[in-house]
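Trainee: Copied straight from Swiss-Prot:
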type	residues	note
BINDING	His94, Cys209, Cys212, His213	heme c 3 binding site
BINDING	Cys122, Cys125, Lys126	heme binding site
BINDING	Cys160, Cys163, His164, His301	heme c 2 binding site
BINDING	Glu215, Tyr216, Lys261, Gln263	Ca(2+) binding site
BINDING	Tyr216, His264	substrate binding site
BINDING	His275, Cys314, Cys317, His318	heme c 5 binding site
BINDING	Cys282, Cys285, His286, His393	heme c 4 binding site
SIGNAL	1-26	signal peptide
Amino acid sequence: MTRIKINARRIFSLLIPFFFFTSVHAEQTAAPATPVTVEAKNKTFAPQHPDQYLSWKATSEQSERVDALAEDPRLVILWAGYPFSRDYNKPRGHAFAVTDVRETLRTGAPKNAEDGPLPMACWSCKSPDVARLIQKDGEDGYFHGKWARGGPEIVNNLGCADCHNTASPEFAKGKPELTLSRPYAARAMEAIGKPFEKAGRFDQQSMVCGQCHVEYYFDGKNKAVKFPWDDGMKVENMEQYYDKIAFSDWTNSLSKTPMLKAQHPEYETWTAGIHGKNNVTCIDCHMPKVQNAEGKLYTDHKIGNPFDNFAQTCANCHTQDKAALQKVVAERKQSINDLKIKVEDQLVHAHFEAKAALDAGATEAEMKPIQDDIRHAQWRWDLAIASHGIHMHAPEEGLRMLGTAMDKAADARTKLARLLATKGITHEIQIPDISTKEKAQQAIGLNMEQIKAEKQDFIKTVIPQWEEQARKNGLLSQ
């Protein structure tokens, strides 16, 4: 305490001349300081943070692409009419953030800045260039327009300035200086009573991850990113919020249901689980302190599976050995996956049965309660499985959400059976062969050969133009 008082007196003594000067020369008001431009080139910070930089760069080793649609073709039906039915890979290293959003079939094959299916907001979790553009153009300026408009500007992979105040003197000295670089994330945290500036160090460590590893939607004409937390963070709270504002991400092309697509709600599910409730942060498990060759501790930025650094992560709290904990996690994962598949089977049938009812002349009023059940069932299923780590973060909450999803899907199918009977249809509705991704995509009418050909042309012609322009503008490290 004495040390704090001495520092305070010293600072005050240094400020006295400043106060005196401004009182005498009040008319000479200083111009506001120009904000320091966000530096998006991650390599810039390698000299001050060499270990962190090299470990971040090592996320390029996490290069495997896992096709989730090939593993589970039911997803194609659930997302019929939405870009996810074309292409959905499981996540890989941060070093591929820009590459993957460019190359996914979901972003289409735009020919110019005004072309393509998706908005600028789809860049928002991919690069520190997003923070740079928001600072430069404001949020409205950044979000305005199509995704392709950002191609020549958003070129550096998710990195330093996404989570750190890289312009601060403290960061230059090797301190972390965490920050929320996305203003919409800061507002969302305030909405749940967690203003970043007042949060403790452990809360802040998870909040910076929660800028991206969250559920969000595109709000208003400008398609700005917003987190649906106004009514709370549980699946029912967000469902209520979306229903209240009559929001939908798309309409399923089979059942004509206005649907919700969950993104990657790790922050919400972590908060609901035992680790979140005990403030065991994302950093504790995914970015542990490790030693470099000289024995100096640093935060490992090769974000990955905690079991890969068991001694520095799990073993800090748990007395069980690695094999025992892996067995527990595997069992939880299997339980969640088993229920996930059962819910998906019910939803696949519900979408095709709803299509049959519509084809038989069912009215909008007759379909409304059924579509509400389908919407809510699939939303709860999606929020449970879109967080790939829910079996670790909150297995009980995952099973609970899937259980309520199963109930809602069953309600929809019961109502559909009654409605179909009134239309003279009492036989079972046949489901086409969806045993592979390709067959499922054919069943919903996707011309995948054309979609893939257009994408390959885009990759070969448009992306090189973006990169050339970025280099000319000094946005990429040479």
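Using N, Cα and C of the backbone, Cβ positions are placed for all residues, glycine too.
Keep in mind that what you see is a predicted model, and the values were worked out from it rather than measured.
Show me how these features fit into the shown structure, please.
Mentor: Under the three-state DSSP scheme, Cys212 (heme c 3 binding site) falls in the coil class.
In sequence order, Ala97, Val98, Val101, Ile154, Asn157, Leu158 are the residues near Lys126 (heme binding site), counting only same-chain partners six or more apart with C-beta under 8 A.
Listed in sequence order, the residues of the same chain lying 6 or more apart from Cys163 (heme c 2 binding site) and placing their CB within less than 8 Å of its CB are Leu178, Thr179, Ser181, Val208, Cys209, Gln211.
Contacts of Lys261 (Ca(2+) binding site) defined by a Cβ separation under 8 A and a same-chain sequence distance of 6+ are given as Trp79, Tyr82, Phe84, Asp249, Trp250, Asp382, in order along the sequence.
In the three-state DSSP scheme, His264 (substrate binding site) is classed as coil. Counting Cβ atoms from all protein chains shown, His264 (substrate binding site) has 18 others lying within 10 Å of its own Cβ.
Taking Cβ-Cβ distances under 8 Å and a sequence gap of 6 or more within the same chain, the neighbours of Cys314 (heme c 5 binding site) are Cys285, Pro306, Phe307, Lys322, Leu325. In the three-state DSSP classification, Cys314 (heme c 5 binding site) falls within a helix.
For the recorded site, His393 (heme c 4 binding site), the DSSP three-state label reads helix. Around His393 (heme c 4 binding site), taking its Cβ as the centre, 24 other Cβ atoms fall within 10 Å, counting all chains.
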Trainee: Have a look at the binding-site residues His94, Cys122, His164 and say which one has the shortest Cα distance to Glu215 (Ca(2+) binding site).
Mentor: Cys122
Trainee: Through the lens of DSSP with three states only, how would you label His164 (heme c 2 binding site)?
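Mentor: In the DSSP reduction, His164 (heme c 2 binding site) maps to strand.
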Trainee: Neighbours of the heme c 2 site Cys160, Cys163, His164, His301: Cβ within 8 Å of the Cβ centroid, same chain, sequence order.
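Mentor: Near the heme c 2 site, beyond Cys160, Cys163, His164, His301, sit Phe45, His49, Gln52, Trp56, Gly159, Ala161, Asp162, Thr166, Pro176.
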Trainee: For His94 (heme c 3 binding site), list the number of other Cβ atoms lying within 10 Å of its Cβ atom.
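Mentor: His94 (heme c 3 binding site) is surrounded by 21 other Cβ atoms within 10 Å.
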Trainee: Any idea what the Cα distance is from Gln263 (Ca(2+) binding site) over to His301 (heme c 2 binding site), rounded to a whole Å?
Mentor: 23
Trainee: Cβ within 8 Å of the Ca(2+) site centroid (Glu215, Tyr216, Lys261, Gln263 excluded): which residues?
Mentor: Val214, Tyr217, Ala262, His264, Pro265, Ala386
